[in-house]
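For reference, the structure is listed below as structure tokens.
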Amino acid sequence: MNSKANLFLILAVIGAAVLIDHVQSNPAVDLFGGYEIISVCMTNCAQCKRMYGTFFNGQLCAEACLEFKGKIVPDCEDIGSIAGFLNRAELKKFA
């Protein structure tokens with residue numbers, strides 16, 4: 001009886017290892033070779049430019065999207081994510 005339990009346990013472990021080995025995943029971020037996330041990044045740059053006008057450097061934002069392949073996506077409502085793209089010269093006029 002003990003040997004049957006050990007055999008069952010060994011077969012269960014081997015079966016689980018075989019099933020786990022064949023599991024595949026598709027990352028949601030890197031669809032179409034990364035082009036989709038770059039598009040999201042560029043769209044967010046355009047949205048921030050519309051929101052902030054001359055205070056936001058949209059071209060620099062778009063260049064960053066291409067350079068970093070969309071890894072840094074600006075969020076117009078998060079000052080930390082757009083701080084590098086704010087036009088400081090324009091901001092100083094109102095300070």
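Along the chain as shown, residues are numbered 1 onward.
Note: Cβ is positioned from N, Cα and C throughout, glycine not excepted.
Candidates considered were Cys41, Cys45. The record in TrEMBL pairs Cys61 in a disulfide bond with Cys45. TrEMBL lists a disulfide bond between Cys41 and one candidate from Cys48, Cys65; that candidate is Cys65. For Cys76 (disulfide bond), the nearest neighbour among the disulfide-bonded residues Cys41, Cys45, Cys61, judged by Cα separation, is Cys45.
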